Amino acid sequence: MHRGRSASARQERDFRALMDLAHGFMASQVLFAGCALRVFDAAALGPVDAAALARSSGLSPRGTRLLLDACAGLGLLGRRRGAGPRGPAYTNSPLASTFLVAGSPLSQRSLLLYLAGTTYLCWGHLADGVREGRSQYARAVGVDADDPFTAIYRSEAERLLFMRGLQETWSLCGGRVLTAFDLSPFRVICDLGGGSGALARMAARLYPGSEVTVFETPDVVAAARAHFPPPADEDGAEPRVCFLSGDFFRSPLPPADLYVLARVLHDWADAACVELLRRVRGALRPGGAVLLVESVLSPGGAGPTRTLLLSLTMLLQARGRERTEAEYRALTARAGFSRLRLRRPRGPYHAMMAARGGGAGARSDGGGGDATSQTGSGTGSEVGAQD
């Protein structure tokens, strides 16, 4: 009898776990809809009720009430019972106040809206991607191109959303990965595929003795200049970051003491990664190094789960995958780098440094604090400082 009760309890737990997995996409859509409809921005101004929010936002009262209750059930909103016809009042949870309100220093709203669009559509074709072993942009967004960033940047709005999402990622994780090693010995730092320049500007603030450059495609450089002005610091000044345009697979790379490849290699198959790393090594000055920032799989590739899911995203949206430390070590060795060291700062991303060889690199006693590179058909390069 006891054995039967134990088996029944285990079955019940397994069924609940199964249903949590099966309905996970619904929870994601509640989060995404709350962001798209600016529910959390409204709640940031004070307690809101469904009827008032529906009127002010042009939403249906019934749908608004159901969405707010679901947000409360997921811990995104607090729910306080109201008296009279107004119904409950809703307030932002600490999570929502920090990460979901537009204008919050750590807001992830743009990243979530990108996931809600392109990434969510591609994941709807996961079975097709597994069968075919290739990206699913053609089915998901109607763009079938050899370069995955043709689909990612299929419109100016998509380009800006992707760039804003990466900027939000670095607002949380950038300082951690940039201080995992002491980068102060490197006088010239170049962020390849650096998007809006968010990570580069952080590097310039952390290492004011270094010159920092972003190398990006011409369209991304133009968007960075037009839409991502550097914020002024407390003294009203911002460290100067220069932008160069080109294609890091084709154009000459600017000489540097340190190249940064942040969430770049996971976009590409092994052969392309080795090709890029060889180009980087050839452009490095003596004693230089490359800093890799990636979500690294555990030995054997069994986890963590978030990184395994990110690897499937690379199947659906790019040509690469996430890798283990040993796999990154093999890639850098094939490209001629002499050594690779890994740091595990807090957060989802790891920092790895590979030395060019033939000279000293960065000191290895750096601090331990803790969307994807843009490449395309750049032609040549042009230098311009971000105002």
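Any Cβ shown, glycine's included, is placed from N, Cα and C.
Values in this document were obtained by computation on a predicted structure and should not be read as measured data.
What TrEMBL records for this protein:
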{"type": "DOMAIN", "residues": "19-101", "note": "domain 'O-methyltransferase dimerisation'"}
{"type": "DOMAIN", "residues": "123-338", "note": "domain 'O-methyltransferase C-terminal'"}
{"type": "ACT_SITE", "residues": "HIS266", "note": "active site, proton acceptor"}
{"type": "REGION", "residues": "354-387", "note": "region 'Disordered'"}
{"type": "COMPBIAS", "residues": "356-370", "note": "compositional bias 'Gly residues'"}
Other C-beta atoms that fall within 10 angstroms of the C-beta of HIS266 (active site, proton acceptor):
26
The domain 'O-methyltransferase dimerisation' (19-101), counted residue by residue under DSSP: helix, strand, coil:
53 helix, 9 strand, 21 coil
